[in-house]
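Enquirer: The structure follows.
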Amino acid sequence: MKTFYIETFGCQMNAHDSEKVVGTLVHEGYTQVVDEAEAGLILYNTCSIRDKAEQKVFHRLNEYKRMQGEGKKFAVIGCVAQQEGQKIFERAPYVSLVAGSASYRNLPDMLARLEAGETRITGLDDRETEETFDTDFTSRSNPHRGYITIIEGCDKFCAYCVVPYTRGKERSRTSASVLAEAQRIAGLGYTEIQLLGQNVNSYRDPSGKRSFAELMVAVGEINGIERVRFTTSHPRDFTKDIVDAIDATPTLCNHVHLPVQSGSTNVLRAMQREYTREWYLERIAWTHAAKRDISLTSDIIVGFPGETDQDFEDTITLLEAVKYDSIFGFKYSPRPNTPAIHMHDSISEEVKAERLAILNTRQREIQREHYARHLNQVDRVMVEGGRNSRGQVLGRSMQNKTVNFTCETTPTVGSYVDVKITQVFPSSLVGEAVSEAIAPSAALLAQQALNARVVVLS
Ligand code: 5AD
Ligand code: SF4
């Protein structure tokens with residue numbers, strides 16, 4: 001029997017890539033195991049976004065070394081594979097396959113060569129491709145959310161970011177192919193779909209039929225679909241019709257993740273983000289003026305080369321102007337191949353840490369105030385987990401907020417329940433069920449049972 005074990009790090013795109021890789025392997029006759037000791041093939045899907053990620057990968061590969069005598073084969077895939085390429089074979093000679101995400105559509109061929117005994121197989125030369133990794137064999141491991149990649153790669157080349165080098169050129173799928181996959185997911189019983197892309201709203205339909213906003217609406221109109229999410233949006237391509245579509249289509253989630261990175265126009269220029277603070281705030285004004293309460297979240301980097309105290313202060317005042325519902329804050333970390341690696345990393349680790357702490361503290365205060373708007377609201381929640389130690393069930397609101405709620409009987413994962421919010425915390429809501437649970441379809445329960453063994457995220 002051909003068996004494999006997969007470990008995955010990184011963003012949602014990587015997690016979903018692994019769902020497709022698992023599906024491809026299963027289609028090629030492999031069985032997934034959850035214990036690496038039982039696996040004939042070990043795959044490691046890597047991320048290189050920050051913090052010397054490649055060192056961590058080599059460290060992990062060193063741990064694999066002790067298993068090499070057991071006849072196992074090793075594959076390193078994803079962003080560190082693309083970034084380090086042949087160097088992986090030099091440092092870890094027991095690895096037989098190294099492939100970046102732009103080459104995954106060639107996996108069946110690479111697997112055949114692996115099985116034939118080849119030991120230096122690479123998929124590293126496809127970053128200029130126009131093709132996307134479309135497959136009918138995705139193993140969906142999420143029990144309540146179906147992911148669809150609509151655009152791969154990135155052409156933005158922000159000064160700090162590895163993604164254009166690791167994931168290659170921007171390329172969109174046709175809207176017909178996206179809609180066919182969305183229909184298939186709805187047929188499996190999923191009621192929630194998340195559209196994915198490094199810059200999801202840079203989507204350009206190669207067939208010219210639909211804009212990004214029109215595609216979202218078309219997905220939201222599919223029979224059985226209750227929620228459409230999309231991530232990550234880039235401010236450059238954030239157009240007013242996206243806000244109008246959210247306002248007009250109740251199935252589109254009223255949440256936009258719109259990373260600003262910095263509140264200072266000077267730093268934004270150095271980062272090559274190609275927008276100013278004012279330009280960004282104009283887009284935010286559209287969402288603030290919307291009929292629905294659109295929740296905003298962001299990513300922020302502190303300590304980019306040359307960031308002054310005043311620049312950092314501009315980021316803090318931007319937080320206050322926008323009122324995000326959550327942010328991911330990062331200390332700038334120099335990455336190989338990026339233009340910023342040639343800039344002097346001028347901010348000390350100590351100052352970076354200090355700025356990050358100030359950022360997070362201020363943001364927490366903002367959330368503490370801003371979450372109060374939910375008190376006494378009734379929110380529809382999708383159940384995502386069982387009861388916690390307080391006996392509360394875990395669910396998520398349309399805006400992607402965590403809601404812990406009490407109810408008499410425990411609803412199944414994938415059910416919907418109306419919950420009255422009785423308490424607010426800075427990053428979660430607490431409430432009580434005020435409706436019966438709407439249970440997931442038999443199709444979704446069958447799908448959950450089928451994929452219970454599929455483990456994607458480590
Ligand atoms: N240093 C710190 N943060 C980074 N990000 C991307 N590259 C870097 C880097 N070199 C952050 C950005 C991006 C998020 C996914 O990771 O904020 O939006
Ligand atoms: Fe990490 Fe970026 Fe690659 Fe995602 S695309 S896995 S965040 S390096």
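Cβ from N, Cα, C; glycine included.
Curation plays no part in TrEMBL annotations; they are all automatic predictions.
Annotations for this protein, taken from TrEMBL, read as follows:
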- CYS11, CYS47, CYS79: [4Fe-4S] cluster 1 binding site (BINDING)
- CYS154, CYS158, CYS161: [4Fe-4S] cluster 2 binding site (BINDING)
- 2-116: domain 'MTTase N-terminal' (DOMAIN)
- 140-369: domain 'Radical SAM core' (DOMAIN)
- 372-435: domain 'TRAM' (DOMAIN)
Enquirer: Could you round the CA separation between CYS161 ([4Fe-4S] cluster 2 binding site) and CYS79 ([4Fe-4S] cluster 1 binding site) to a whole angstrom and send it over?
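Expert: It is 12 Å, counting Cα to Cα.
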Enquirer: Relative to ligand 1, which of the binding-site residues CYS47, CYS79, CYS154, CYS158, CYS161 have a Cβ found under 6 Å from one of its atoms?
Expert: CYS161
Enquirer: Measure from the Cβ of CYS161 ([4Fe-4S] cluster 2 binding site) and count the other Cβ atoms within 10 Å, all protein chains considered.
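Expert: The answer is 23 other Cβ atoms.
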Enquirer: Could you list, ordered by sequence, which of these binding-site residues: CYS47, CYS79, CYS154, CYS158, CYS161, have a Cβ under 6 Å from ligand 2?
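Expert: Cβ < 6 Å from ligand 2, in sequence order: CYS47, CYS79.
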Enquirer: So which of the binding-site residues is most packed in, judged by how many other Cβ atoms lie within 10 Å of its Cβ, out of CYS47, CYS79, CYS154?
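Expert: By the 10 Å Cβ neighbour count, CYS79 comes out on top.
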Enquirer: Write out how many residues of the domain 'TRAM' (372-435) are helix, how many strand and how many coil, based on DSSP.
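Expert: Here the numbers are 3 helix, 34 strand, 27 coil.
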Enquirer: Hey, of the binding-site residues listed (CYS11, CYS158), which one tops the CB count within 10 A?
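Expert: Result of the Cβ crowding comparison: CYS158.
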Enquirer: What average pLDDT is reported by the model for the domain 'Radical SAM core' (140-369)?
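Expert: Result for the domain 'Radical SAM core' (140-369): average pLDDT 97.
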Enquirer: Can you tell me whether DSSP puts CYS158 ([4Fe-4S] cluster 2 binding site) in helix, strand or coil?
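Expert: In three-state terms, CYS158 ([4Fe-4S] cluster 2 binding site) counts as coil.
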Enquirer: Other than CYS11, CYS47, CYS79 themselves, what residues in this chain have Cβ atoms within 8 Å of the centroid of the [4Fe-4S] cluster 1 site's Cβ atoms?
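Expert: The surrounding set, listed in chain order, is PHE9, GLY10, MET13, ASN14, THR46, SER48, ILE49, ALA53, GLY78, THR166.
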